[in-house]
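Visitor: Please find one structure pasted underneath; my questions will follow.
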């Protein structure tokens, strides 16, 4: 098994390179930017259709009123994602351009959204256009429009093919003329694609693309498809790479299209049978975080004998319950630990197999409601499937099965840690024997016991003003310092940000920390003096360094165990911040 892990680690640089691909990153960040709209729209699905489970049905008129906010937000999510994806890709291209000759992201957003309408919207005789492909059905086309837009803009801006205005003209006016050529080229190219599609295929580009990828959508929902997809999530995380950065962009269009399809099936009184949805990923495959680790901290607390394992379990329970499982991933550790390779990969796959059985055989409705990823897994299953009876059973079954999968491997690991603890105890006993040969053992024990009591008292009591002053004097941070901690979604980064803020207040150090998600940081990073990358986004260090160097901001990345230790020791976290400014 150790040889397998070593072989896997050799491929890590290749997978990290894929995870940093600017087009995959743009897709993922584009979706992240649109999540507030998706979450807002899901509220109205809950209000409209959950009462059906309890025998209450809204009238058609009332249903239409309640669903209007959904239709006017989620119904145009393709249009919105075209703009947000273009914005993210523009940021990536701008890193490679001269700082005095940047692509205007507002212009690329508008051009991408306009181009999307050409490719996805059909005109109607009465005026206006149809919106059938402006929602999740048009997501693939949204990516096409965004990519074409930014590539064309980059071609023009990089070569200075623009209308140049005199220096006396205000910058905002000059920017308008600078964008005319690339914007015009984008619209002409996309309009040409639209004309070709309607002339030779007799349909819009969005529908044509959907037809091409339809077999892939169907295959992805099959047994082999779900095995490969959700196995990949866990595999990449196991080798220390943020799996969603690679897998999510590849399946994003499928998951959100399936979510809307399931809702449409429920509205029509039919069985919602699409398996791959955001809910399947967040609450079934990664229940409690990647690796289906919801049960693992509880098992560490209650089913192990090692003091170390019990302590790790207690420290990891709360964050893992809300899907933030880095404390157990790196604290145990689970990632790159040969003992946990099989359960970490296998548990998510088995969870999805069981879920698929419930949907295909027991006819439970699949997910039709989008919920925040921090929703506890069992609650997410119940709410996301509309409070169906089988969803309660499914949640219990998954918990039991995950315990059964992890248990034998946990016992093996616990024995390993116990052996280490026994070894340390033997070393301590040997040292004590050497001491007794030269000193009065009782007297030495009394001294050690007194020292231990004093240490305990010092640890448990609040620091005095003198102690605070002494500790503060050792820290060279005298001016207000803002620290931004970045992770993939904002949950893990909150652990370190909270630890820093608490320690800064306790030791009276002028440090303020905030948590953020990588990809949503570009517009706010200028307000910080230091950016810390959590382990899950540490592979992006070289990319973001181009931005921090330009702005004169310090940048630091962390490793798994190091990061978890910093979240648990506020003073060490402050020292880490200070060290970055001493380099």
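Glycine residues also receive a Cβ, built from the backbone N, Cα and C atoms like all the rest.
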Visitor: Tell me which range among 262-282, 283-303, 304-324 Swiss-Prot lists as transmembrane segment.
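Guide: Comparing 262-282, 283-303, 304-324 with Swiss-Prot, transmembrane segment matches 283-303.
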Visitor: According to Swiss-Prot, which stretch among 176-196, 197-217 corresponds to the feature transmembrane segment?
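Guide: Matching range for transmembrane segment: 176-196.
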Visitor: What count of other C-beta atoms do you get within 10 angstroms of the C-beta of residue 487 (active site, phosphocysteine intermediate), across all chains shown?
Guide: 27
Visitor: Quick one: do the transmembrane segment (103-123) and the transmembrane segment (176-196) have at least 3 Cβ pairs under 8 Å, skipping pairs fewer than 6 apart in sequence?
Guide: yes
